[in-house]
Amino acid sequence: MDSGGTSGISVEAYPRLSTQDYQNVALLVVLYLLQGIPVGLAFGSVPFLLKSKLSYSEIGLFSLATYPYSLKLIWSPIVDAIYSKRVGRRKSWIIPIQLLTGSLFYWLGKHVDVMFNQEKPDVNTLTLLFFILIFFSATQDIAVDGWALTLLSKNSLSYASTAQTIGLNTGYFLSFTVFLAFNSAEFSNKYFRKEPIDNGFLSMGSYLTFWSVVYLLVTIWLIFIKGEDATHSSDEMDIKTVYRTIWNICKMPHMRRLIVVLLVAKIGFIANESVTGLKLLEKGFSKEDLALAVLIDFPIQLLVGYYAARWSNGPQPLKPWTIAFYGRLFFAAVGMIVVYVFPTDKKISTEMFSLVIASTVMSSFMSTVQFVSISAFFTIIADPVIGGTYMTLLATFSNFGGTWPRFFVLEAVDYFTEATCKIVKDNTTSIIQCVSEQGKTICKDNGGTCVVHKDGYYIVSIATITIGTILLLGFVFPQIKALQTLPPKMWRLKK
């Protein structure tokens with residue numbers, strides 16, 4: 001993939017923004033940030049908070065709550081086709097969705113702490129509630145993606161992916177890193193208190209209540225201050241037509257190839273991104289230290305997002321994506337090694353802490369490069385006539401490629417793990433399974449020691465990295481090399 005080669009795709013790299021475009025980019029950042037708040041909780045904080053009480057299989061069940069973000073294509077035509085002309089094509093959805101999300105946040109703020117503090121949290125109820133939150137967030141994402149294509153001037157469209165990266169990463173960072181740190185009693189006592197207490201500064205309930213107010217304020221601003229340009233009649237299609245259009249897009253030979261690439265591309269590093277952090281917690285790495293790792297990582301990702309977007313505006317827009325693919329595979333292997341060498345006595349040296357930080361930062365670095373690169377590519381090839389649906393179609397397959405394997409990976413970790421506990425009571429010896437958190441608790445309460453004979457994490461990690469490497473060299477790389485040379489008109493539907 002010689003950088004000096006030619007391509008049918010060419011976009012002017014980052015033109016100077018007008019005052020209006022600056023304001024609109026800022027608006028997009030805020031809207032994407034609000035989407036990132038529930039996403040950061042569902043994908044990040046909640047699994048970490050529940051890990052001490054749930055098994056990997058139960059965490060896998062909770063991961064189903066993230067599916068709406070990867071299946072939003074199903075209802076995106078409705079979002080594109082039904083709206084109020086008086087309110088605006090995109091605001092017709094953004095306003096009510098933010099009101100619903102804020103209301104659910106407020107309700108959860110009053111009840112969620114009780115749910116989390118139960119000895120055995122009701123994972124089914126939590127999954128349903130966060131499924132609804134992610135459904136709302138995904139629906140807003142459809143509308144915001146479509147609005148980005150008309151909100152910015154034609155020469156400034158390259159900033160859309162940057163706004164998305166900054167906004168979503170900031171929201172995710174606040175709900176994962178900042179929240180986990182201030183929710184931790186150890187972190188709060190260590191850095192902010194003279195007298196230690198058992199609770200952190202910030203409970204889940206108070207965090208959700210705060211964001212319910214922010215959602216309301218932003219929505220009020222959208223209703224009364226921010227206008228939306230009228231939609232041209234040529235852009236309007238009924239729902240049936242939009243679904244037919246999606247089908248016609250998916251039937252294009254090069255689109256079918258791209259879809260398959262997106263669905264299988266993340267298999268190689270899914271075990272690292274789904275399980276490695278949980279394994280480190282299990283082995284004694286504290287939540288606040290993990291939050292610190294992401295805290296260090298966050299400003300780096302913002303900078304990376306900006307330069308990755310500039311890099312993606314050349315004649316080979318997917319070159320950064322391909323290079324970062326190799327990096328993510330490599331650091332998936334590094335993450336597995338870090339878990340293996342992590343001390344079992346929970347005494348973490350400066351060198352080990354630095355290794356965990358470096359592994360986390362570099363893995364996230366590669367992920368951000370891929371995200372920005374593929375988002376920029378999507379913006380280039382998307383047909384503005386059905387902008388929201390086209391972008392959602394592409395993002396859906398990209399997101400689903402990282403969602404569908406997650407449940408199976410978490411289930412497989414427990415399936416392949418063998419762990420037993422010997423309990424001696426009243427001169428009677430019994431051996432029980434202690435793979436689940438419940439089994440570990442029973443073992444500990446009865447004075448036993450849980451011995452892991454085979455850790456499914458390593459089996460699953462090696463399998464996914466191997467499959468990912470084979471897919472990269474044998475399928476993904478050749479397909480991406482060919483697809484990025486197609487001119488934008490090849491991705492448009494014929495009239």
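Glycine residues also receive a Cβ, built from the backbone N, Cα and C atoms like all the rest.
From a predicted model like this one, the values you see are computed outputs, not experimental measurements.
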Transmembrane segment range according to TrEMBL, out of 165-185, 228-248, 417-437: 165-185
Annotated transmembrane segment segment (source TrEMBL; candidates 93-109, 348-364): 93-109
Cβ contacts under 8 Å made by the transmembrane segment (165-185) with residues that lie 6+ beyond its boundaries: 28-41, 43-45, 48-49, 196-204, 207, 286-288, 290-292, 294-295, 298, 301-302, 305, 309, 368, 371-372, 375
Surrounding residues of the transmembrane segment (129-153) on its own chain - C-beta under 8 Å, 6+ positions past either end: 18, 20-21, 24-25, 27-28, 31-32, 34-35, 38-39, 41-42, 46, 62, 64-69, 71-72, 75-76, 79-80, 89-91, 93-94, 97-98, 100-101, 104-105, 108, 159-160, 163-164, 228-229, 379, 382, 384, 387-389, 391-392, 395
Same-chain residues near the transmembrane segment (456-477), Cβ under 8 Å, at least 6 residues beyond its ends: 260-261, 264-265, 267-272, 275-276, 279, 322, 325-326, 329, 332-333, 335-336, 339-340, 405, 409, 412-417
Leading stretch by Cβ pairs under 8 Å, where the reference is the transmembrane segment (93-109) and the options are 25-50, 205-224, 258-278, 321-342: 205-224
Range from 25-50, 205-224, 321-342 with most C-beta pairs under 8 A to the transmembrane segment (258-278): 321-342
Same-chain residues at least 6 beyond the ends of the transmembrane segment (321-342) whose Cβ lies under 8 Å from its Cβ atoms: 1, 265, 268-269, 271-273, 276, 279-280, 283-285, 312, 352, 355-356, 359, 362-363, 365-367, 369-370, 373-374, 377, 457-458, 461-462, 464-465, 468-469, 472, 476-477, 480-481
